[in-house]
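These notes are about the structure you will find just below.
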Amino acid sequence: MELTGVIAQSIFDDNAADLKLSWVAGLEGADRAFDVDFAKEATSAADLVGHLNLIHPNRIQVLGKPEITYYQRLSEENRKRQMGELILLEPPFLVVADGVDPPPDLELRCTRSSTPLFTSPISSAAVIDHLRLYLSRISAPRVTMHGVFLDILGMGVLIMGDSGLGKSELGLELISRGHGLVADDAVDFVRLGPDFIEGRCPPLLQNLLEVRGLGLLDIKTIFGETAVRRKMKIKLIVQLVRRNDGEFERLPLDSQYLDVLGLPIHMVKIQVAAGRNLAVLVEAAVRNTILRLRGIDTLRDFMDRQRAAMQAEAASHSPQGRLL
């Protein structure tokens, strides 16, 4: 997993409010990070954080009430040996959860070794789940794509095309028809799972849509709260093409896809020409995609129907068919 720039300080700052974290020791270790080789070998966030485990000392160690109880039952010699082995390998930080006070000797050892020690009143299981989700998100593959990302009929749709084809104008028309804006111009996509990619708007461009001749429009202010979305999963890409595009197929026999972060996303191409109602065409493409996801393929059904008709006609013209 890629965790460049992820240090104890940034993790604390991003999660302190949600987990009610307090930094009680090891303030000098604010720049402590995951071991590079360990992070590269990790296949998921579950490898990066968990309950106290001396076999995997390089991950974030979370100590709940059972772990602290076990620690306090150890002899002083065993405490020094086990914690010494753990801290020697420099875990990113330790978290004492369940509202338990960290043992004084553990706090002192963290201070001397500059190992960050956090406390949280939240249960250790909840702390682990939250940190795993956080690490999954910040280490997930991501890319920024150019276009207008919309929520159309509950489906995330990215409208792409060359400059000057009217992507933003089309987006404005769709918003006026009751659909929602996620992002304009630059869309940040993150692959959060094996089969879905989430798109968001960069904070700087939140709620804004640029239309030639009108400038920047604040969609939330103009159309209201329901006209914007914070995030959507991308399911369809609409590629706007010029009328003289020689690669355009009027009736494509095979579905078209565009690779986004290693995941094929269904794509349709729409020609831009005077008099064409692009908003209606995009809505129809979305409805057709919804049917395809439900297993209904209109083109395939038509081809099956045509094949059956041709076979019936061929049978009627055969000698055996005429005898019948």
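In case you wondered, yes, glycine gets a Cβ from its N, Cα and C as well.
Under a cutoff of 8 A between CB atoms, and with a sequence separation of 6+ in the same chain, the neighbours of H146 (active site) are M160, D185, A186, V187. Residues or ranges marked as active site in Swiss-Prot: H146 (among others).
The ATP binding site feature in Swiss-Prot is assigned to G161, D162, S163, G164, L165, G166, K167, S168. Long-range neighbours of G166 (ATP binding site) (same chain, six or more residues apart, CB within less than 8 Å of its CB): L240, V272, L278.
Marked as active site by Swiss-Prot: K167 (among others). Non-local contacts of K167 (ATP binding site) by the CB criterion (under 8 A, 6+ apart in sequence, same chain) comprise G147, V148, I159, M160, G161, L240.
Annotated Mg(2+) binding site per Swiss-Prot: S168, E210, in sequence order, evidence recorded as sequence analysis. Taken residue by residue with DSSP, E210 (Mg(2+) binding site) is part of a strand. Counting only same-chain residues at least 6 apart in sequence, those with a Cβ under 8 Å from the Cβ of E210 (Mg(2+) binding site) are S168, D184, D185, L216, L217.
In the three-state DSSP classification, D185 (active site, proton acceptor) falls within a strand. Cβ neighbour count for D185 (active site, proton acceptor): 17 (other Cβ atoms within 10 Å of its Cβ, all protein chains included). Per Swiss-Prot, the feature active site, proton acceptor maps to D185; the stated evidence is sequence analysis.
What Swiss-Prot lists as active site is R250 (among others).
Look at Swiss-Prot and you will find 271-276 tagged as region 'Important for the catalytic mechanism of dephosphorylation'.
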- [ ] Could you list the residues of the same chain, at least six apart in sequence, whose Cβ is under 8 A from the Cβ of L165 (ATP binding site)?
- [x] L240, V241, R242, V272
Task: S168 (ATP binding site) CB neighbourhood, other CB atoms within 10 A - done: 19
Task: Shell list (ATP; ref centroid = CB of G161, D162, S163, G164, L165, G166, K167, S168; cutoff 8 A) - done: L240, V272
Task: Three-state composition of the region 'Important for the catalytic mechanism of dephosphorylation' (271-276), taking helix and strand from DSSP - done: 0 helix, 2 strand, 4 coil
- [ ] Using DSSP with the three-state reduction, classify K167 (ATP binding site) as helix, strand or coil.
- [x] helix
Task: Around the Cβ of G161 (ATP binding site), the count of other Cβ atoms that are within 10 Å - done: 20
